[in-house]
Amino acid sequence: MHLLGPWLLLLEYLAFSDSSKWAFEHPETLYAWEGACVWIPCTYRALDGALESFILFHNPEYNKNTSKFDGTRLYESTKDGEVPSEQKRVQFLGDKSKNCTLSIHPVHVNDSGQLGLRMESKTEKWMERIHLNVSERPFPPHIQLPPEIQESQEVTLTCLLNFSCYGYPIQLQWFLEGVPVGQAAVNSTSLATKSVFTRSELKFSPQWSHHGKIVTCQLHGADGKFLSNDTVQLNVKHTPKLKIEVNPSDAIVREGDSVTMTCEVSSSNPKYTTVSWLKDGTPLKKQNALMLTLQEVTKDQSGKYCCQVSNDVGPGRSEEVFLQVQYAPE
């Protein structure tokens with residue numbers, strides 16, 4: 001069965017159903033996979049008295065001829081007693097006044113569809129519906145990145161899975177280029193009526209060398225078995241990273257010789273926009289190419305040279321090269 005994007009939305013809203021007598025709070029849709037379980041946090045309000053009958057239907061349909069709901073009965077509890085579910089998969093963990101929490105363990109693909117909570121008090125009846133989506137295999141978590149990542153600035157990476165269930169422990173683990181990271185990751189779960197999820201947050205101070213690297217969040221079962229994963233490629237904004245090459249390599253020449261300096265841009269994100277050369281900290285005029293050629297040098301051109309390349313993040317500067325121009329005694 002195709003999973004309808006469980007990572008796309010964190011169910012922060014409530015599903016409300018309200019007649020003049022009934023009100024419910026629960027996640028609108030719950031997600032699980034074959035063999036796992038579903039924990040359905042649920043609260044309700046019945047103003048006319050205590051709950052007398054509760055039936056959990058699978059894909060209920062109202063029959064106008066009988067004025068009753070038809071569908072598979074997964075669980076039933078009346079004032080006369082409880083009717084156990086098949087293999088006791090379904091547990092009603094609520095009460096007769098405000099709690100309608102349910103558990104289905106194990107859950108199967110054919111449980112997907114609509115769950116109907118048929119509630120009856122002494123004078124009122126209500127059918128509350130909850131969507132259940134069960135995939136054949138464990139669905140992947142989803143890595144959430146901040147809008148922009150910049151070198152040396154701490155960011156938080158979030159790995160989110162729209163699943164959590166008591167009695168079915170899982171673990172989210174972080175990897176960078178296949179190497180485990182995330183010893184300081186903060187893990188949390190929610191089984192509230194507002195949302196059901198498992199989350200891991202990793203604080204990370206990326207360097208420019210992390211640009212283009214692969215970050216993975218893996219989902220593991222209680223036995224450590226790999227279940228699924230999500231991967232992203234880091235886009236780390238950084239200033240240009242430079243290296244300067246000189247010919248001759250020792251940067252020692254005689255007056256009248258020529259010198260060539262090349263500014264190599266090993267990395268720049270985003271692409272660089274300007275190039276300049278400096279001698280002893282002062283910009284050289286009309287020198288805005290990656291190659292600087294000095295023809296027939298004089299002793300006055302001895303000094304420290306470097307290149308500076310800028311992008312939208314800022315300027316990057318190479319190491320300095322000391323050019324030594326030898327000359328005859330005057």
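Heads up, residue numbers simply count up from 1 along the chain you see.
Cβ coordinates come from backbone N, Cα and C, glycine included.
Remember, it's a predicted structure, so these values are computed and weren't measured experimentally.
Arg118 (N-acetylneuraminate binding site) is surrounded by 19 other CB atoms, counting those within 10 A of its CB over all protein chains shown. What Swiss-Prot lists as N-acetylneuraminate binding site is Arg118.
Residues annotated as disulfide bond in Swiss-Prot: Cys37-Cys165 (among others). Within the same chain, residues at least six positions away from Cys165 (disulfide bond) with a Cβ under 8 Å of its Cβ are Ala32, Ala36, Cys37, Val38, Trp39, Ser103, His105, Leu191.
Residues annotated as disulfide bond in Swiss-Prot, with sequence analysis given as evidence: Cys42-Cys100 (among others). When other Cβ atoms within 10 Å of the Cβ of Cys100 (disulfide bond) are tallied across all protein chains shown, the result is 24.
The disulfide bond annotation in Swiss-Prot covers Cys159-Cys217 (among others). According to DSSP, Cys159 (disulfide bond) sits within a strand segment. Neighbour list (Cys159 (disulfide bond), Cβ cut-off 8 Å, at least 6 residues apart, same chain): Pro141, His142, Ile143, Gln144, Leu172, Trp174, Arg199, Ser200, Glu201, Leu202, Cys217, Asp230.
Per Swiss-Prot, disulfide bond is recorded for Cys263-Cys307 (among others). Residue environment of Cys263 (disulfide bond) contains 23 other Cβ atoms, counted within 10 Å of its Cβ in all protein chains.
Annotation comment: Swiss-Prot describes 18-136 as domain 'Ig-like V-type'.
As annotated by Swiss-Prot, domain 'Ig-like C2-type 1' applies to 141-233.
Across the domain 'Ig-like C2-type 2' (240-324), DSSP helix (H, G, I), strand (E, B) and coil residues number 3 helix, 49 strand, 33 coil. Marked as domain 'Ig-like C2-type 2' by Swiss-Prot: 240-324.
Residues annotated as N-linked glycosylation site in Swiss-Prot, with sequence analysis given as evidence: Asn65 (among others). Other Cβ atoms within 10 Å of the Cβ of Asn65 (N-linked glycosylation site) number 6 in total over all chains. Asn65 (N-linked glycosylation site) falls within neither a helix nor a strand when secondary structure is assigned with DSSP, and so counts as coil.
In the structure as shown, the Cβ atom of Asn99 (N-linked glycosylation site) sits within 10 Å of 14 other Cβ atoms. What Swiss-Prot records for Asn99 (among others) is N-linked glycosylation site, and it gives sequence analysis as the kind of evidence.
Taking all protein chains in view, 11 other C-beta atoms sit within 10 angstroms of the C-beta of Asn110 (N-linked glycosylation site). According to Swiss-Prot, the N-linked glycosylation site annotation covers Asn110 (among others), on the basis of sequence analysis.
In this view, Asn133 (N-linked glycosylation site) is surrounded by 22 other Cβ atoms within 10 Å of its Cβ, with every protein chain counted. Annotation source Swiss-Prot lists N-linked glycosylation site at Asn133 (among others).
All protein chains shown were included, and the count of other CB atoms within 10 Å of the CB of Asn162 (N-linked glycosylation site) stands at 25. Annotation source Swiss-Prot lists N-linked glycosylation site at Asn162 (among others).
What Swiss-Prot lists as N-linked glycosylation site is Asn187 (among others). In the three-state DSSP classification, Asn187 (N-linked glycosylation site) falls within a strand. All chains included, 14 other C-beta atoms sit within 10 angstroms of the C-beta of Asn187 (N-linked glycosylation site).
Swiss-Prot lists Asn229 (among others) with the feature N-linked glycosylation site, giving sequence analysis as the kind of evidence. All protein chains shown were included, and the count of other CB atoms within 10 Å of the CB of Asn229 (N-linked glycosylation site) stands at 18.
Here Swiss-Prot flags 1-17 as signal peptide, drawing on sequence analysis.
Secondary structure at Cys42 (disulfide bond), taken from DSSP and collapsed to helix, strand or coil, is coil. When each of the disulfide-bonded residues Cys37, Cys42, Cys217, Cys307 is scored by how many other Cβ atoms sit within 10 Å of its Cβ, Cys37 comes out lowest.
Across the structure, Asn133 (N-linked glycosylation site) and Asn110 (N-linked glycosylation site) place their CA atoms 9 angstrom apart. Put simply, of the recorded positions Asn99, Cys100, Asn110, Arg118, the one whose Cα is nearest the Cα of Asn65 (N-linked glycosylation site) is Arg118. Here the Cα atom of Cys100 (disulfide bond) is found 11 Å from that of Arg118 (N-acetylneuraminate binding site). The recorded positions recorded for this entry are Asn99, Asn162, Asn229, Cys307, and the Cα of Asn162 lies nearest to that of Asn110 (N-linked glycosylation site).
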